[in-house]
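Participant: What follows is a single structure, and I will ask about it in a moment.
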Amino acid sequence: MAVTKLVLVRHGESQWNNENRFTGWYDVDLSDKGRSEAKAAGQLLKDEGFAFDFAYTSVLKRAIHTLWNVLDELDQAWLPVEKSWKLNERHYGALQGLNKAETAEKYGDEQVKQWRRGFAITPPELTRDDERFPGHDPRYASLSDKELPLTESLALTIERVVPYWNETILPRIKSGERVIIAAHGNSLRALVKYLDNMGEDEILELNIPTGVPLVYEFDENFKPIKRYYLGNADEIAAKAAAVANQGKAK
């Protein structure tokens, strides 16, 4: 039986990744480097013989534009795509827009690490009258008050990502379609934790690099049997380490 594969791609570097700012649901675009990363991811997938039947992404343009660039390199720009807020980055609450290193200088490296990587720890909440509250954004007009976050932990992100996986994405994979997901560091960490049944301490140390294809292989029961990145292992490790260091004081 042929091995079933799934490809995950964290968006390429965004303008605020470059500025080391907490982004969350703020809709910043890719940097020039991020666009290059996305194109390189597409070329890697092409070189490895990947092609897809369906794509999923968030409603944030850094993920959408990453997917565009990947599919363009694969000559699959025509591919059907479903966009869902459930694949958005985790909401960073009142930290959105703040510089990570400056925040670490103010609150300490460990506090910022817990905000960034702690499983059930939420950053400080937004207020509903804050311009950053997603209820002011027309793309979220159909969401209920309960669905509109003021802040999120990874645990809360899992509560929206995993049902979307089980109810929407997995059935398509089970039907035989080849799927790619372009999303965000924490929405993908949420999915990886679920798929690999990771503990809270283990997920704390997982850093997903920007613009690198992450391939899952599944058995006939759609249980993961292998997870690996495409590309140069040393470069990928360096990029993951850079992600880990973003939240440290200078």
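For all residues, glycine too, the Cβ spot is worked out from N, Cα and C.
Per Swiss-Prot, the feature active site, tele-phosphohistidine intermediate maps to H11; the stated evidence is sequence analysis. Annotated active site, proton donor/acceptor per Swiss-Prot: E89, in sequence order, evidence recorded as sequence analysis. Per Swiss-Prot, substrate binding site is recorded for 10-17, 23-24, R62, 89-92, K100, 116-117, 185-186. Among the features that Swiss-Prot reports, site 'Transition state stabilizer' is placed at H184.
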Participant: So which one is it: of the binding-site residues G24, G185, which has the fewest other Cβ atoms within 10 Å?
Facilitator: G185
Participant: Return the count of C-beta atoms lying within 10 angstroms of the C-beta of H11 (active site, tele-phosphohistidine intermediate), excluding that atom itself.
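Facilitator: Excluding its own Cβ, H11 (active site, tele-phosphohistidine intermediate) sees 32 Cβ atoms within 10 Å.
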Participant: Compute the C-alpha separation of H184 (site 'Transition state stabilizer') from W16 (substrate binding site), stating it in Å without decimals.
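Facilitator: Checking the Cα atoms of H184 (site 'Transition state stabilizer') and W16 (substrate binding site) gives a distance of 13 Å.
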Participant: Going by Cα-Cα distance, pick out whichever of the binding-site residues G24, R90, K100, G185 is nearest to the residue listed as 'active site, tele-phosphohistidine intermediate'.
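Facilitator: Result: the closest of the binding-site residues to the residue listed as 'active site, tele-phosphohistidine intermediate' is G185.
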Participant: Taking the Cα atoms as reference points, how far is G24 (substrate binding site) from E89 (active site, proton donor/acceptor) in Å?
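Facilitator: Between the Cα atoms of G24 (substrate binding site) and E89 (active site, proton donor/acceptor), the distance comes to 5 Å.
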Participant: Please classify the secondary structure at K100 (substrate binding site) using three-state DSSP.
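Facilitator: DSSP assigns K100 (substrate binding site) to helix.
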Participant: Do me a favour and check the Cα-Cα span between E13 (substrate binding site) and E89 (active site, proton donor/acceptor); whole Å is fine.
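Facilitator: Between the Cα atoms of E13 (substrate binding site) and E89 (active site, proton donor/acceptor), the distance comes to 14 Å.
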